[in-house]
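Before any comments, here is the structure.
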There are 6 protein chains.
Amino acid sequence: MAQIKDLLGNDTVLRGDGRAVDQLRPVRITRHFTDVPEGSVLIECGNTRVMCTATFTPGVPRWRKDSGLGWVTAEYSMLPRATAERTDRESVKGKIGGRTHEISRLIGRCLRGVVDMKALGENMVQIDCDVLQADGGTRTASITGAYVALVDAMRWAEKNKHIRSADRVLKDVVSAVSVGIIDGTPMLDLPYPEDSRAMTDMNVAMTGSGTFIEIQGTAEHRPFNRAELNTLLDLAEKGNRELQAAQQAALAQD
Amino acid sequence: MAQIKDLLGNDTVLRGDGRAVDQLRPVRITRHFTDVPEGSVLIECGNTRVMCTATFTPGVPRWRKDSGLGWVTAEYSMLPRATAERTDRESVKGKIGGRTHEISRLIGRCLRGVVDMKALGENMVQIDCDVLQADGGTRTASITGAYVALVDAMRWAEKNKHIRSADRVLKDVVSAVSVGIIDGTPMLDLPYPEDSRAMTDMNVAMTGSGTFIEIQGTAEHRPFNRAELNTLLDLAEKGNRELQAAQQAALAQD
Amino acid sequence: MAQIKDLLGNDTVLRGDGRAVDQLRPVRITRHFTDVPEGSVLIECGNTRVMCTATFTPGVPRWRKDSGLGWVTAEYSMLPRATAERTDRESVKGKIGGRTHEISRLIGRCLRGVVDMKALGENMVQIDCDVLQADGGTRTASITGAYVALVDAMRWAEKNKHIRSADRVLKDVVSAVSVGIIDGTPMLDLPYPEDSRAMTDMNVAMTGSGTFIEIQGTAEHRPFNRAELNTLLDLAEKGNRELQAAQQAALAQD
Amino acid sequence: MAQIKDLLGNDTVLRGDGRAVDQLRPVRITRHFTDVPEGSVLIECGNTRVMCTATFTPGVPRWRKDSGLGWVTAEYSMLPRATAERTDRESVKGKIGGRTHEISRLIGRCLRGVVDMKALGENMVQIDCDVLQADGGTRTASITGAYVALVDAMRWAEKNKHIRSADRVLKDVVSAVSVGIIDGTPMLDLPYPEDSRAMTDMNVAMTGSGTFIEIQGTAEHRPFNRAELNTLLDLAEKGNRELQAAQQAALAQD
Amino acid sequence: MAQIKDLLGNDTVLRGDGRAVDQLRPVRITRHFTDVPEGSVLIECGNTRVMCTATFTPGVPRWRKDSGLGWVTAEYSMLPRATAERTDRESVKGKIGGRTHEISRLIGRCLRGVVDMKALGENMVQIDCDVLQADGGTRTASITGAYVALVDAMRWAEKNKHIRSADRVLKDVVSAVSVGIIDGTPMLDLPYPEDSRAMTDMNVAMTGSGTFIEIQGTAEHRPFNRAELNTLLDLAEKGNRELQAAQQAALAQD
Amino acid sequence: MAQIKDLLGNDTVLRGDGRAVDQLRPVRITRHFTDVPEGSVLIECGNTRVMCTATFTPGVPRWRKDSGLGWVTAEYSMLPRATAERTDRESVKGKIGGRTHEISRLIGRCLRGVVDMKALGENMVQIDCDVLQADGGTRTASITGAYVALVDAMRWAEKNKHIRSADRVLKDVVSAVSVGIIDGTPMLDLPYPEDSRAMTDMNVAMTGSGTFIEIQGTAEHRPFNRAELNTLLDLAEKGNRELQAAQQAALAQD
């Protein structure tokens, strides 16, 4: 693979898909992908495609009643044939797997991290992220797409007088991206073939103000040191800035 | 509503969406909707949108081993926000509902009805129909779309030498459409607002040769007589002929 | 097999059990089979034996409250050794299979089809059909037997002042029978050995007025044409008339 | 209630149903209740009616393979409307309750207690006890009836050369009966109204030789002392002797 | 094995662990084993170790509301590696096994047998018995330990004014012990190696007044006669008296 | 709260329990806590107590067969009364919650991160972490304790000739600790009262060489910046060094 210098001062290894190490896959965000939900977004990050819907419901679960606060929750799922080999449906197996649980909880936390629950009032937003096609980074694409669906749902709720102001509910922007170390080289936005070879894998959710909501770094195959961590966070910061630009561009159209 | 005479000799009640009683909603069949499955189709019947994939796997379930025969099976599911009110995921509830079971079995039977299991050999095709948006007729749209995905999977299997000939596996074409009686008038292809008002509701799966694979007529709200049945079957025949034309048109493109 | 002309003008193939093609198996309906339920019926169609109970409960499920309307629901199940090979209990497997779901829903729809929900008022009837011995036609025997149990439950409810009039709740009679095509010959009321050889199989539920509540024709193995459909419906009509006579005879005794 | 002296020297309180304290309810054992199972028995103890089938299968579960030993197992279940109030199906609830588990295990142990596993060879017998009507003592009636079904299955297996000798498999007879203390008086064979008032309740399974296979005494509501225990065991012994006479009488007919 | 005369007049077979046939294993009862529960006890009977907690909650389940009565319930579970071979978690399997159900119910009945539900008032006590290490007799150790936890919970409830008097709630003491017949010799308190060889196995729960709350004798492998039963009950009585002394000693410390 | 300078140059806020911000709770590691498992450890971090066992089994799951590689997996669970309010058992609910899944997977990854699967050979280690008492940091205590149990299991396997060398299987040490930001102050090792007030919460698993295996930072309540992240990682590094000293001290005793 030919190499050039990238912005971080490293040699840039051109990757399988020709990208520089610090380059995102093409992102496409389609709002109003389906008609019925309050927010409905199709996000495509390279070949990864996730349908994200946001359902607004007045009222909150029982444990949250009379708190004056809202609630945001999320569920993630893969269609059986999102992957190269068909995956059995969790509904057929009769239970939800650990990975699904883990990702659903991650998405929920990231979105709650930018929502002012008081401004939302006693209303609930349910996020559904269904992966139509999986090519790595489905959980981070879900977060990035779900944020846009959430904004649409808040605009709908404002228009329909369920909340006073969408802007006050949304304290900040949130997006997420994966980074990893492959054969010793830190890289941004890993597609499946890279992801499965990565020794270290990190998902980073950031706000528009450049702070972190979630850092999940896992290095089952080769622990990483502080210097590597810093490079990975630099890459993630660059990636998230660009994803947030794509979110804003999509949200500007109407 | 204004009325005109239709081909069956009745006054044609113009419907909520302006269609004649014997008119299908616009059908759009997109092949290769996702990249990975052997067959992947998005079918749109009006606002109903179903993603149908066909997964080809060499080998058959244990009970079918050493029979020389293949197997075709199907699973149907709705995304939570396919409907106006969000539906809880069956994976989260931990069990599959009766309606889902009933429809999955129906789709499987219809496709098996046009497959020569001997020509398929000891191979399995798993059909997945996931409803992205539901506006009536999701089970019939699933059958119609799944057939196209099945053809693509058979072509793939032929090209990859898993089967000798796709044409020999596919004994016939199959499509399905709903018909029903609304306020006394038999109508073709009911969208949700009509479906929920229908006193009699029938799903009819037909082959290209004009024979029936499935007739499921249910009249919980007002039983129907033989004459009404005949009119419904005439409507279904017309609808299925047109759906089969759409299937063939889609399959002709490559 | 010897052949004679039957009423439909075909040669009558004498079947394995010596019946004419348009002849029902012997039907026996025993009311008050057990003492406790509001309605309790044992129906025997040949070797098929189903215990049908009807449970009357004041009040309706939550989603039906304050509608002024009643509700009728049904559950079907097979005892493990109703069949030649023992079937594992669904309670032990921890989930209900698709076939069970499909049949339970069918029975429920058929009975609701003859009940005036307003006359029933906010009361619920739960039908339980437990197959003690299975020899084909268990779902249609269930419908036929359950109707009788339902009548007994309504008479009980009238006597106990839960409803004003059993007759007003029951808008019509309902019975059901299976028909099918075996080796090209349409036949009435298939026992298991025939059922498993049938290329086309149809279950037909009819009212006393001769209208249809359910038609479920399935021809996974050989599609059928309009003419065959008509013959099958003629056979079903004959069978249902006779079953309804048996129902009335049983209900006349007290 | 009038009182007379019974054989144990106590005053005999005539019970709700007119029986003496040491008197069984009428027992009726119908063999070949259904046609298909290797053993099929309907046992009626008063109003309690249980259908007991014995399924013979060559081969044993994996953990028992190559031991040269057979296996006997049992499952107990109540039909939903065996009871005055309808009980939800465990298949619908998706799990088996503690009571069902407890009774299934009890029945299995009692039958294994009289089976010579070596003489049975590597074959399995599955007992199914389905309660059609419950009026107290369903678990003891199940044991008593299941034994008869087991004998029939062994005779079938001998005739079909699966085992050498039914007599050698069956080391002894087993029957079971309930006893309890009601208002201070020990009584035999409690129907539901007595059972629910009993302070002490005991189920006793005995062999033909008069030894115990199971004693399950439970006195949640009033502990019992040694003298009471002895009286209860005397009653149980008398009851079991009579039940075994009924078993033998039934088995003598063919 | 050397033999001496024991108190019951038999020769005492010294056992694998050197005990006399009528000798308990060393018992150790540690109260306040964990800090948070209202009652928390570690009971050790030889190598068997069970953690028993009692949770006091104001209020009762719905079916008990407005009865003025309290409720006591129990759940038993084994940690996966309490046994020589690791046992799969029931939470992972998604269902509770029959043995667990049976034991949980037994513990609940035994404790309810000494509780005055009226004095408890509309409050609930939930007993949890988690086996840290299993060496036979886990169910009887659970009952013995749970009683101590229950007393502590009642003292806590009295101190916190939830009940008027702990002493009035506790009508009596309860403990339990296993006895069995090994190679023809009745023995007290069987550890696992003996338990698995026992032909007859009996668990006996007794009150401080020497009456029985539960007798569960099971003799799947060799039925027992009246004389053997009496010896077993004598052994159980001796064992329970000693266990109750250990309970009282532990409860005396504070 | 009084303040002093700590090693990181900040004012040290004395905490509820009197610790400095960079001070661990007292750690106690008890090996051979139970007798049967190959590794059995009780770890106490302040009031948090977790029982960690390691089960060694020759052979690997099917998907890993003939790879020459071993496998390590983990399951985490809380006893019902580990918490102030009793938590319902997941076995009773019939499904495992998202939090349990998430933590089980985390523990598994951390331990696999220090295991040389080739040196382990085709053997499996199952880690069970059961929380007896929960006061914050149960997942990190589980990792730290499980490592010690794993070492003991490897020593056992070496001694029993299942593996060649425990030292070669264990590539490195692993421990984990929680850190968080409370009222703007980064702190080490949060007990429950702090944990529930923390705006940012991070779990950090490190090797003996000072590299990271897992970083899971979550800031649902207030995002954190790069500087805060660095301070948290410094604290985690200090904590993990001390925990590893405790692990080595425990492992040195025999």
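Even glycines carry a Cβ here, placed using N, Cα and C.
Caution: TrEMBL annotation is automatic and unverified by curators.
Marked as domain 'Exoribonuclease phosphorolytic' by TrEMBL: A:23-153 (among others).
Feature annotation from TrEMBL assigns phosphate binding site to A:Arg99, A:Gly137, A:Thr138, A:Arg139. The Cβ neighbour count for A:Arg99 (phosphate binding site), using a 10 Å radius and every protein chain shown, is 14. DSSP assigns A:Arg99 (phosphate binding site) to a helical segment in the three-state reduction.
Residues or ranges marked as domain 'Exoribonuclease phosphorolytic' by TrEMBL: A:172-239 (among others).
Taking Cβ-Cβ distances under 8 Å and a sequence separation of 6 or more, the neighbours of A:Thr138 (phosphate binding site) in its chain are A:Thr48, A:Val50, A:Tyr76, A:Met78, A:Ala82, A:Ile103, A:Val131. Report note: the phosphate site is defined by A:Arg99, A:Gly137, A:Thr138, A:Arg139, and the residues of the same chain whose CB lies within 8 Å of the CB centroid of those residues, excluding them, are A:Tyr76, A:Ile103, A:Val131, A:Ala134, A:Gly136, A:Thr140, A:Ala141, A:Ser142. Residues A:Arg99, A:Gly137, A:Thr138, A:Arg139 are the ones the record ties to phosphate, and the longest Cα gap between any two of them is 13 Å.
Here A:Gly137 (phosphate binding site) comes close to A:Cys45, A:Gly46, A:Thr48, A:Val177, A:Ser178, A:Asp189, A:Leu190, A:Pro191, A:Asp195: these same-chain residues lie at least six apart in sequence, with C-beta atoms under 8 angstroms from its C-beta. As a summary of secondary structure, the domain 'Exoribonuclease phosphorolytic' (A:172-239) carries 18 helix, 29 strand, 21 coil according to DSSP. Counting only residues at least six positions away in the same chain, the Cβ atoms of A:Tyr76, A:Ile103, A:Leu106, A:Ile107, A:Ala176, A:Ser178, A:Asn203 sit under 8 Å from the Cβ of A:Arg139 (phosphate binding site). Across the domain 'Exoribonuclease phosphorolytic' (A:23-153), DSSP helix (H, G, I), strand (E, B) and coil residues number 45 helix, 43 strand, 43 coil.
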